[in-house]
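As recorded in TrEMBL:
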type	residues	note
DOMAIN	A:7-121	domain 'Thiamine pyrophosphate enzyme N-terminal TPP-binding'
DOMAIN	A:196-331	domain 'Thiamine pyrophosphate enzyme central'
DOMAIN	A:388-536	domain 'Thiamine pyrophosphate enzyme TPP-binding'
Amino acid sequence: MKPEVITGSEILLRSLLLEGVECVFGYPGGAVLYIYDALYGFSDFRHLLTRHEQGAIHAADGYARASGKVGVCIATSGPGATNLVTGIATAYMDSVPLVVITGNVIQSLIGTDAFQEADITGITMPITKHSYLVRDAKELPRIIHEAFHIANSGRKGPVLIDIPKDVSAATTLFEPAKTMNLRGYNPTVAPNRLQLDKVAAAIQEASRPVILAGGGVVYSGGHEELLQFAETTEIPVTTTLLGLGGFPSGNRLWMGMPGMHGTYTANNAIQQSDLLICIGARFDDRVTGKLDGFAPKAKIVHIDIDPAEIGKNIHTDIPVVGDVKTVLEQLNKLVKRADQADSWRDQIQQWKAEKPFKYKDSNDSLKPQWVIEMLNETTHGEAIVTTDVGQHQMWAAQYYKFNQPRSLITSGGLGTMGFGFPSAIGAQMAHPDRLVISINGDGGMQMCSQELAICAINKIPVKIVVINNQVLGMVRQWQELIYDNRYSHIDLSGSPDFVKLAEAYGVKGLRATNKEDAQEVWREALETPGPVLVEFVVDKQENVYPMVPQGSTIDQMLMGDCE
Amino acid sequence: MTTKHAIAILVNDQPGVLQRVSGLFGRRGFNIESITVGQSEEQGLSRMVIVTEGDDQTLEQIEKQLYKLIDVIKVVNLSSKPMVSRELALIKVKAEPAERPEIKSLADTFRAAVVDIGTRNMMIQVVGDTEKVDALLELLKPYGIQELSRTGVTAMTRGNAL
Ligand SMILES: Cc1ncc(C[n+]2csc(CCOP(=O)(O)OP(=O)(O)O)c2C)c(N)n1
């Protein structure tokens, strides 16, 4: 490529191309008009115009989680940028690689409370891995190159690039970046061999070992190594919400998800374990329950790319810093079968048989768990599923059987309502030929439903499921169990007719209120090309069980219908 | 056991880096007793010295969290090594003409300097470790302290310790 004098905006687009960007999600405005001008007629990658910046960033997030590549979104200054905040925090909490591009007012106006000015680098400092305010168009190639590298290496996360309007307008010589200036950034990838020997020795000594695997397994691409590790050692495995799909759910060693709505087996196994091997998970309080009382008898091994996670919540006996895939590759050469754990394995199979997830089915009304089971059966567990946040999210985690990494896309750390539907659009952009199902509550669906428009216009064939229980279900559940049935402000009367709402945007809408119709409309949805919204009207009283009340240890489960 | 620590942080001299570091302390509930920033021996890099209080586990978290910041190049816990730490204070103390010789001799004892004299007050400049500055202040208090400005601690390890 011979050097050329072009605008900052054109440099941005070319630099994005050099990073392999296939599509970006965005929304224009005054401060990014030069960038959008450069995008006019540009077709080297796709730009999808969402209907809200929040839709754009969740879509970029879904794209990143489904593809393992960096998700990119663009917004204007001020209100455009601040509309991204929830999505940036969502990606930060779940370690999702994003490059977020915002416009800003011209540099001479920065700091003057100019029209549509917001200090977005300041606002997002606690929720970004790193950020840049670009001062000179010459710096753009290096900054963009660094941003992609930072976002998608080490512990992944969102990086923000704020570009003042005069920088996107300025012209300069474009020279693609060859160097980076990141002296302070050297993630540890390869583990310390001595630590690995300790892990191998601990496995030989253990009689009740457990593997707790999280999102790090999926993000590092280490799922096959995890399978081999578990098969070699024959240690039972539990996967966190973000780890679902990182280990095949059909495997005999799998115990299900741990924590607040985890399985009886996983929670008891953790509590009684004498060796807990935590791999790419960060001991979130939804997993641990009451911290002092968590895995009280266990020696703790913690494998993580982020040294700051080790010892943050839980005292660690054998810390291993490194990339999960690399660590497991090396560990697999050292470990043997955990020979002392035979009666433990039997115990676990017995718990699994005695206490699976259970609900009381009905022939009069639709049970949400039944709906998820139907989705699982009809798709053979092979769809990419995105969820919103609430009861339906937990039922999806419990009753859909994830067998492949990156097949569940859900907001774990922040628990962001409004995430489910737009993230499915991004996931579908990453995998145009796969079946993408987005499972939402009637509450969360209303937080980003405007993105039905981009599904219709771009013929993005997401199957949108709305589990309609007419309430903010998860809040209702807490009010019932913890707040003495005082149902404060959870009634969603006044929700739109979801079928008509979909149709108003040009998306096919279907509804079912009983089992027969449910099977019928779901079949129709699968057979219909393009996007379809299917509303399942379900029993409003249903609760998610088991449940560990906040402040209890995880073996103190309310078993409800699982009894 | 919570104890005081001085931490030296070598950072890229970028706009916003002080905000990143101090924001991290605030957000994660770490305490900042004093913070100083200035040039380092290398162009483009600044050195911050933060005095904080906490137990060993908190200190370990502080170090690890600081290393997560891309602009942080090196973190050294100075308190774990032999070090020299200094702060500077300017103290404006009430001083009627009759009291001046007394105050001056106090200052001399601490190798502090009188840097200004007004009609009813004197300004004393003292340099030393925190304890020394505290001690001089204690002695000056009875005269009436009108204004006090302390810089916070800057520090370095001795000799070849790094
Ligand atoms: C943006 C946002 N606001 C509020 C909450 C708190 N919250 C968690 S679950 C929930 C109820 C969700 O209701 P719905 O979408 O109908 O799903 P359901 O629980 O009924 O399946 C709420 C309000 C949240 N997680 N995110």
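Please read every residue number as a count from 1 along the shown chain.
Cβ atoms are placed via backbone N, Cα and C, with glycine included.
Mapped onto DSSP classes, the domain 'Thiamine pyrophosphate enzyme N-terminal TPP-binding' (A:7-121) shows 54 helix, 21 strand, 40 coil. Taken through DSSP, the domain 'Thiamine pyrophosphate enzyme TPP-binding' (A:388-536) splits into 63 helix, 26 strand, 60 coil. Residue counts for the domain 'Thiamine pyrophosphate enzyme central' (A:196-331) under DSSP, split into helix (H, G, I), strand (E, B) and coil, are 54 helix, 25 strand, 57 coil.
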